[in-house]
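Taken straight from Swiss-Prot:
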DOMAIN    153-480  domain 'Histidine kinase'
BINDING   300-307, ASP341, 359-360, 383-446  ATP binding site
Amino acid sequence: MSKYQINCIRYRHFLRTSNISQIPDFTKYCIGPVNEELAPYIMETMKAYPSNSEYINPQHYYHNRTVLVENYLKRSPNPVSLTQLAQYYDDSTKLTRTKIINSGKFVKEELVIRIAHKLNQLQQLPFNVVNNFHFVQVYESYYNIFESFRKYPTIRTLEDASQFADFIKNMLEGFNTLNLPHLIMGALECTILDLYPREKMDQLLSDLLRARISRRLIVEEHVSITANYTSGKEENTLVLGDIFQECSAKKYLLEASEESQKFIQDMYFKDIPMPEFIIEGDTQLSFYFLPTHLKYLLGEILRNTYEATMKHYIRKGLEKPEPIIVTVVSNDESYLFRISDKAGGVLHDDENLWSFGKSKERAQESLNNFHKLPGLQTVSIYDEVHSHTKYNSKLKSLQSITLKPYMHTSLEPMSYPSIINGHIKYETPLIELLKRSFRYKLGIGLAMCKVYAEYWNGDLSLHSMPGYGTDVVLKLGNLMKHTKKLQLDKV
């Protein structure tokens, strides 16, 4: 073949693959000419490994291959029931030394396997998705969990199990608390940039969130039974363990209504007329549930309902706001809350309501508000944490640099309660999202609620009549009917 023919082939290949292995033209991304002072930073942002990363480095591929892929990915997670988590196979609510030790062994091994499979799920994503700043934070955090639990010494004694429970609390109260907002911000950014189909992104977040609930449930159950046993308690509450409580539907509805009214007063003014809040149906209903999740679900839904009702009241110039009516219904299998308003119906498309990505315009609006939330700046919390050698010094540095200016104010960062409180709070990030100011419209409330409702064998649906109003129907499964059902990322 002549040199001319070879050059022709090369030229045709260049025309077909002009964007492969070529130096990027950064000028097309700039408003004006390239500033030479910025040139050194291009290498920093384009290099293969993040700065100060404890896990993503030149050795990561080989370590990941030999440890995660060739070892832990060959093991399957164990589906468990609520009964097993509380009883550990001896079919009683009695707390014993053996039960606590077996619980610790199971949690240590199971969490490593489960987080390994989620790491692999992230690794299978397109590079420009998993390389997103927020997904990198989640990946770093997951690998931190994987390595920390994998390397933790074998649990053989009650003292080992007790120390393991303390270790778990430190993990949950540390920098892993920001995984939830980082997951959502990463999804929003990928939607805006067209990096991943919206349907696939919604499924990815749903999978990761359900797995997150399961992991925290397993961990919290072990912390609970260990604390109970070491404090002298001899028996768990019922078969579900003490992290589940008997919840009064009316009490939680009234609390959610009160918080929503405070939200409206903050949004407008203190003495603004409030809609009448009416509870109908099975008003005396009490059922066993995870208190924080019930508070979040009812709070998020009522917050939206109150906001829509008040906007309708002002827009129409009504004499007083229309009432909000909650109908409570129950049977042997499930509990149902129907929240009805007369606020004119929902304006957005149905597909946008249940999506984390939404349209590009709404995704950008949500992302902007996420970035305004105190404690969620785009500076990585992991960079600060990893720059210190001891856990306590990490927390003190974080508090003084990031948290102190907002302490005891309405702008207190979302991460603060989880990081420094002396006792563990289950799903603190959820409640902090719920407490956000009206200024921060995130647009992911219903999508989040649907994932959590489905996890608990329920559902969330919305029925809107344009020009009249909306019914939001929250269904939750009866946990006492599903205590022995084996599931992986669902009850």
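Glycine residues also receive a Cβ, built from the backbone N, Cα and C atoms like all the rest.
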C-beta crowding around LYS360 (ATP binding site), within 10 angstroms: 14
Assigned element (helix, strand, coil) containing LEU442 (ATP binding site), judged by DSSP: coil
Reported mean pLDDT - the domain 'Histidine kinase' (153-480): 81
Cβ neighbour count within 10 Å of GLU432 (ATP binding site): 22
